[in-house]
């Protein structure tokens, strides 16, 4: 796969205009509508027996030949719909989410909002706004899948495809779990520029609609950023050293970057599902003065990691153009699934009023938002009623569910208990505690000796190894009476502190001299990612992020650097050894003093080791050290 990456990319460019040939003009198969007419987002039909269809994982739908054919063909048809059509990929993907900053479905901008898209980021509406947005994609794919299913000439085959089309729902990619054996973490279906695709007129060589979106034409006035405004298709990890105007994508680098973030993602998801009980705290990265130390992380902040690592300076990295990349809808459908899972665990939790952090096409930063705020530009009815969060609270309102949140045939707490077991299996069994328990059966006797050195005050190594490959300590060194001390780094910063994405990286000892080596450094202990900040609206809002530190500290116990996770050992060590650096979007160092409002704290809380199949329960986090801009004990 990797050996043919460059050739595949170049061949994809050569065949850029190639979609499936149905024998008729594709535009005649796509319903056209004047931009002045309202586009209504409606619930999809349920199956005849009353069952609500489930959104499948990408590898699950790939294993179903008929649903997979319909998905790829419908996605391709949507992408090749005229860019002037409000129901086209171009208009839905970024005409709504970002550029071009123009009215969609007749919904005009507010004063001061015409340089933003409709999308809600840094807002309590972030999770629910994306529900009708994804439902609009799904609605268009569903209609096209059913149209295509009816085009197969053989009656038996046509009936089979039509049956598959009736239950069609959009897939997600589960970026929170390791790939099955034989596949890359970033699924192979995204890698190849062209594919052999079966359809109503047999097998044809076509552009892979999951590889990229090809602009037809490219709107150079909308794309004001160089070099993105020179590219004819979306890119991931573009290799501009080969060509600045037509760089090949490097999905191998994307795969490596996404895989390297997997342990952090799993730790943070486990923490969110275990400890986040407030919808506002779970849903948005906007920092509130009422937030305590336990409320710095959010699903929005975790979702940012996939944008940055899924783009690597390609389209996914930049909010105004991110939705052009086909990866976007599968990523956000996964984010919606995580929201649905959290709702099962916290059925009574719901949003409370909160000021928005960013300006959008229809709202100004600082406006108070709540569950009745219109989710523009998505109409729920022909008479002009918009969807709101109360209406979008349940996935069933749009005619879909997920296998892990489907309550069909389940009673009482059965669904919640079953989901809890799955979460602990997915994320808890892959965490540092599970690794520690596994390692105790094969421990090297020198581990106890290293631990004894720490007790006597021995410190070694300017850049100690805190990666997964570093040795583990004895279980008794970190877990006592079924409890341990959990450590978290919290950071917050002004939403418009920096014109672009940046990451705050933490190291035990000094970072490498070359900033391009920071992310892979063996002594990097934590990372807080910030995405989508801008300089244009005058917002004074703050956004927050969080990063687990415990796993790195456990490795330091194993290396003999500290005796335990107790604050009396950890705080003095971090005061002396913890360093940080800020990495900008172009792999260059950013001066932390230039980031307005940057505050960093080191926090800890007592954690009870959960019984198998149960979520851990964390006590309140306590600030142990104010790390930046001034360093002092809390």
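Using the three backbone atoms N, Cα and C, a Cβ is placed for every residue, glycine included.
The signal peptide annotation in TrEMBL covers 1-19.
Sequence annotations record features per position, and here TrEMBL assigns domain 'Tyrosinase copper-binding' to 121-138 (among others). Within the chain, the domain 'Tyrosinase copper-binding' (121-138) has long-range Cβ neighbours (under 8 A, six or more residues past its boundaries) at 39, 41, 44, 92, 96-97, 169-170, 279-280, 283-286, 299-300, 319, 329, 332-333, 335-336, 339, 351-352, 354, 356-358, 369-371, 373, 375, 378, 380, 387, 389, 392-393, 395, 398, 400, 495, 532, 541, 543.
Same-chain neighbours of the domain 'Tyrosinase copper-binding' (325-336): 55, 58, 75, 79, 93, 127, 130-131, 133-134, 137, 170-176, 190, 209-213, 234, 236, 299, 303, 306-307, 310-311, 314-316, 395, counting only residues six or more beyond its ends whose CB sits under 8 Å from a CB of the stretch. Positions annotated as domain 'Tyrosinase copper-binding' by TrEMBL: 325-336 (among others).
TrEMBL lists 438-455 with the feature compositional bias 'Basic and acidic residues'.
According to TrEMBL, the region 'Disordered' annotation covers 438-473.
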> Mean pLDDT over the domain 'Tyrosinase copper-binding' (121-138): what is the value?
Replying inline: 97
